[in-house]
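Inspection log for the structure reproduced underneath, given as structure tokens.
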Amino acid sequence: MKISYYPGCTLKTKAKNLDRAAIASLEALGVEVEEIDRWNCCGAVYSLTADDLIHMVGPVRNLIRAKEQGADKLVTLCSMCYNTLARANQLMREDTVKRDTINRFMDDEIDYAGEVEVVHYLSFLEQEIGWEKLKEAVKAPLSDLKVGTYYGCTLQRPADVGIEPFGSYLLMTGMLEALGATVVPFAAADKCCGSYQVLGAEPVENSAAAAVINIAGGAGIEALATSCPLCEYNLGKQQKQLLAKEKIGAPVPTYYFTQLLALALGLEAEVCHFELNDAASLELLKSKNCLAAA
Amino acid sequence: MCDTTKTPKVATGDRAILPEGARTIPIFVMGKKYEVPETLTIMKAMEFAGFRFLRGAGCRGGICGACPTVYRMAGDYKLHFGLACQTVVEANMYLAQIPFFPANRASFKLEEMEGVAETIHALYPELFRCVACNLCTKACPMDVDVLGYVSAMKQGNIEKAARISFDCIQCGLCASRCMGEIPQYHAAQLARRIFARYIQPQAEHLKNRVMEIEGGKYDPMLDELSGMKKEDLEARYVAREREPDLAAAGTWQPKDTSHL
């Protein structure tokens, strides 16, 4: 099986760990990953301003690339990219007036009307591999690991592009349970991580991330799994500072779900690029023997 | 209007020549109509019409980037772009020269920076104002995929940015069209410099030769030549050993190899 893949800028720079582990895992599962040629920024954030079509041009251009390269599905991974691409796609499918305006503006490109389907990696895993088959492929089950599915804001919102109904966490739960982990529910799975607010203030003032970590820690969660580089930045990279300022009681190491997937599939730890995670993450995995296969 | 019937049909200084029987077509320079021979480039046509380029003309060979031109064809909403020295005139072109377009160029010391994408991001944070409108690519007279290299820089792929932007002649038309106010061509130049210095493997023979030169291997030979009398130097020049024309590569060696 071959899929068209849209990585996104952050996955090629700060969040290589999310990208590399994802590609290696799919390859281990027998899926050929083909990055679309000549892609650009997804738009980063979906513009909510009503008359702001110029910010649709970026995401739509990527969808046009996928279409002209013969893809009917475009798999993507970063929560922000998924959200922005899927919503721009929805606009191109449903709003004929705006679609026409955008197509006319992009007169150097082929016309686009939402022919490509934007699919999140987790949905792809469930639909095309399935949890049973994934379970069979696991070589190093994460048996001792209590994981929280941290969805953040953009995987489930808004409802018509969400990867599953708001308030359910079936996809990541299904994947993690197939990997042998214990999924522990907690009350902050869809709370905001603090988003870009941290850029304007001292990171320690970001109580949103601290709240998520404290609720997760209180629920007995040992590790958080996310698919969003912004969430990982707020929850993972800033933990040391949050801990030093006593904003959080105890660290809860944060991972990309693809890193846990790659480890359970028995891949080398190198593909996970743990050097890009917070230091605590690797220690936990060692103590839980999750790195045994590597 | 330029009266072509009285134009001398001989070369006069740097004036373009109107060939015998050549057809003339109307073009518009800064809104004013001129009849020019249809065979000329925009630059020659403007000179034919009486303009003189003191600046805004450089190599006249399509590579220096000094003569970017923007034009519309009468009745067509599309903007077109080209180099005045390369693009042949067409009837009813509305022309304007944009020899220079202001764009900030970051100052940096290449030898003191890190060869990573974050260096480019820090010096040109405007890159992240790109909305992928692609007007830059449409404006490029060299058909460079400008959006492609801007995207590559944002994706941290310096090599890709360097390779895509290789044909850039720094004319600045991309920057003139950018709604994000990005100085694309300056950022691309930085990408190529970082690529060449930090990423591309160095050629061993070149490195060795530079070391030899810097180590003074050729200094005595130069000193000897510069200390010679003019007549002796001329005699040495005339008597020099010379590789025969069309000698197959690697087949010829001078008799005196002491200078190699």
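Glycine is treated like the rest: Cβ placed from N, Cα and C.
The DSSP breakdown of the domain '2Fe-2S ferredoxin-type' (B:23-101), given as helix, strand and coil counts, is 7 helix, 29 strand, 43 coil. Sequence annotations record features per position, and here TrEMBL assigns domain '2Fe-2S ferredoxin-type' to B:23-101.
In the domain '4Fe-4S ferredoxin-type' (B:119-150), the DSSP tally of helix, strand and coil residues is 20 helix, 0 strand, 12 coil. Positions annotated as domain '4Fe-4S ferredoxin-type' by TrEMBL: B:119-150.
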| request: State the mean pLDDT for the domain '4Fe-4S ferredoxin-type' (B:119-150). | output: 97
